[in-house]
Amino acid sequence: MAAPPPNPLPLAYQGGSVSVPDWLNKGNNAWQMISATLVGLQSVPGLVILYGSIVKKKWAVNSAFMAFYAFAAVVICWVVWAYKMSFGDKLLPFWGKAGPALGQKFLIKQAALPETTQFYDNGGVETAMATLLYPMASMVWFQCVFAAITLILLAGSVLGRMNFKAWMAFVPLWLTFSYTVGAFSLWGGGFLFHWGVMDYSGGYVIHLSSGIAGLTTAFWVSPPPPPPPPPSSSLIPSKSL
């Protein structure tokens, strides 16, 4: 009897280890982490330094800390409730159920998007639920840095215009009531996902939402323009007699 052909896959991808589940692709997971790190570096220190250097000196520290606070606050809000509102079980056609994305059992299991199953009109499954070849911890962190940079991009519209205390309240509120809606609707299995709308690069969820929100926020928080100065009598030519 001839010997079985050698397995063409490298040993690291063949499975058979208790510590390496069969669904884990180390290359996919490594690239996911590298991508998340690169996006995170765009925010901290990237945009923190940029925002502190493009405004007047008196606003430099405030602007830099707006970006730094946004990143830190989003990380906390994301794992406590916002991740599952964006990628968890459906609450509304555009919103997921809030809940913590913490705990070993949750984070080490295979990443999956529970509301991405596509059904036929008769109830049959057309496309199965999206399952990824890396753990849920990688998925949570990867999506977290995108949520964070969205808020930091929005901050660029209100540098030197918004009080830092107001910004501290604005970040978790906008993340909860705006970003999670777009993320779930397009990426997490919401109504736009099932309508066939695709957003591969974050053009809708990140750039469009931060741009519109930044324009709206700047309009509402920007101080009104100062009144024009009154005409000076010395500039009015006198009529010669």
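Cβ atoms here come from the backbone N, Cα and C positions, even for glycine.
The feature domain 'Ammonium transporter AmtB-like' is assigned by TrEMBL to 30-223.
Residues 60-61, 63-64, 66-68, 71, 134, 138-139, 141-142, 144-146, 148-149, 152-153, 155-156, 159 of the same chain, all 6+ positions outside the transmembrane segment (30-52), place their C-beta atoms under 8 angstroms from a C-beta of that stretch. Feature annotation from TrEMBL assigns transmembrane segment to 30-52 (among others).
Sequence-remote contacts of a segment are chain residues at least 6 beyond its ends whose Cβ falls under 8 Å from one of its Cβ atoms, and for the transmembrane segment (64-83) they are 40, 43-44, 47-49, 51-52, 98-102, 140, 143-144, 147-149, 151-152, 155, 158-159, 162, 164, 167-168, 171-172, 175-176, 179-180. What TrEMBL records for 64-83 (among others) is transmembrane segment.
The transmembrane segment annotation in TrEMBL covers 139-159 (among others).
For 171-195 (among others), the entry in TrEMBL reads transmembrane segment.
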